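Q: Starting off with a structure, shown below.
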Amino acid sequence: MSGNTLGLLFTVTTFGESHGPAIGAVVDGCPPGMTLSEADIQADLDRRKPGTSRHVTQRKEEDKVEILSGVFEGKTTGAPIGLLIRNTDQRSQDYGDILQTFRPGHADYAYHYKYGFRDPRGGGRSSARLTAPVVAAAAIAKKWLKEHYGTEFYGYMGQLGEIEVPFQDKKHIAENPFFAANSEIIPQLEGYMDELRKAGDSCGARIEVRASNVPIGLGEPLFDKLDADIAHAMMGINAVKGVEIGAGFKSVSQRGSVHGDDLHPDGFASNNSGGTLGGISSGQELRVAIAIKPTSSIMTPKHSVDIKGQPITVQTKGRHDPCVGIRATPIAEAMLALVLMDHALRHRAQCGDVELAVPPIPASRPGSQLD
C-alpha cells in the first residue's frame, strides 16, 4: 500500500490501523535546533481525541503521544522524528459481522477489490483514527511556523447538517465541543445532534480553517501551487468531499469587478482569492473550507451485498461519530500547517536570498472588513 506520505521537504509518513496496537508518524525534514517536547504536541491531540462529548464516538482513547526519535536534550536534531500513539480501547468484536459484507459509503468495497484482502476492524487503515498522528506531526509544523513567521492557525464549524453557524467571535471556538465561533447557537446544535442519534442517522459539516501571518511567496507553479497542495491535503482527510479556497464556488456568481482583490498602498481591499494569487501565497490570510459527508456507519438499515455478491441488509454496530465533522477542525488545521511547512522550506531553499527594494503591502487595509 503506497500513498502514506505527505510533503516533499517536510514529509509525514503515517502508519498503523484503527484496531492495531498503535498508530504513529515519522516526520522527516524538521530543521534542527527547535525546542520540542511531548507537551508541545499533546494540546492539539487533546482537541481531536474521541470521547470528549456525547456528540462524538464514545471510544475512549487518551491519545498520549510518545517521541521516539529526532529529539535530544529537548531539541530537534534534524533526524526523523518518530511519533507513537498507542490504541487502548479497541472493541474489534463489534466488527465481526461485517467481515464478509460491505458497508454502504465506506471504503470496504473499494479496498476489497483493490487489495483482495482487508482489515474490517474499525475500518483498518481507512479509519479517521489515522488522523491522530497527522495532528501530532502538524503540531511540530505549527511550532516552527509560529517561531519563524508568527503564523497562527484557527478553524471553526461553519455548518452542521442543515444548520448554518454564523461566525461571531473566535474566542467561542474553545468553549464548546462543536468548535463553533458562536455561543448562541450551541443549544440548537446540541438538540439537532440528539435527534440525529435517536433517529440512528448521521450528518455532514462544513469546516472553515484560517492561517494568518503567512509569508509571501509560498507555492510552486505550475503543478505544485499552494492552493493545489492544500486541496490535495484536505481531500486526504477522511470523509471530505469538497474543498474551497477563498470565495470558492461563490466565485461563479461574482463578477470580475467584485472578485478581483484591489491592491492599495495601505493594503488589500478584499480577500476573495483566499490568500493565494497564481497559486502563490500573497501574504493575506489563507482561507480554506472543507465539506464533510455524513458518517457512513449508521444504525439505519441500508442495502448492500456480501463478498459473494448476494444482497444483504447492513445495520452498523459499534461506536461511531454521528458527525465526523465535529472533530475535524484540528485535523483541517493540521493539514494546512503541514502544507505551509513543506512550502516554507521549499521557498527558503530556492528563494531565500531574494530581496526587493519595495516592501509588500499590508494584508488588509485599515478598518476593512474582509469577508
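Note: Cβ is positioned from N, Cα and C throughout, glycine not excepted.
The feature NADP(+) binding site is assigned by Swiss-Prot to ARG48, ARG54. Residues or ranges marked as FMN binding site by Swiss-Prot: ARG125, SER126, SER127, ASN238, ALA239, GLY278, LYS293, PRO294, THR295, SER296, SER297, ARG319.
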Q: Using a 10 Å cut-off on CB atoms, tell me which of the binding-site residues ARG48, ARG54, LYS293 is the least crowded.
A: ARG54
Q: Sorry to bug you, but what's the C-alpha spacing from ARG54 (NADP(+) binding site) to SER127 (FMN binding site), rounded to the closest Å?
A: 20
Q: Can you name the residues of this chain that are 6 or more positions from THR295 (FMN binding site) yet have a C-beta less than 8 Å from its C-beta?
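A: Set apart from THR295 (FMN binding site) by at least 6 residues yet with Cβ under 8 Å, we have SER202, CYS203, ALA239, HIS320, ASP321, PRO322, CYS323, VAL324.
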Q: Select the closest residue to ARG54 (NADP(+) binding site) from the following binding-site residues, measuring between CA atoms: ARG125, LYS293, SER297.
A: SER297
Q: Would you kindly give the Cα-Cα distance separating ARG48 (NADP(+) binding site) and LYS293 (FMN binding site), rounded to the nearest Å?
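A: Checking the Cα atoms of LYS293 (FMN binding site) and ARG48 (NADP(+) binding site) gives a distance of 18 Å.
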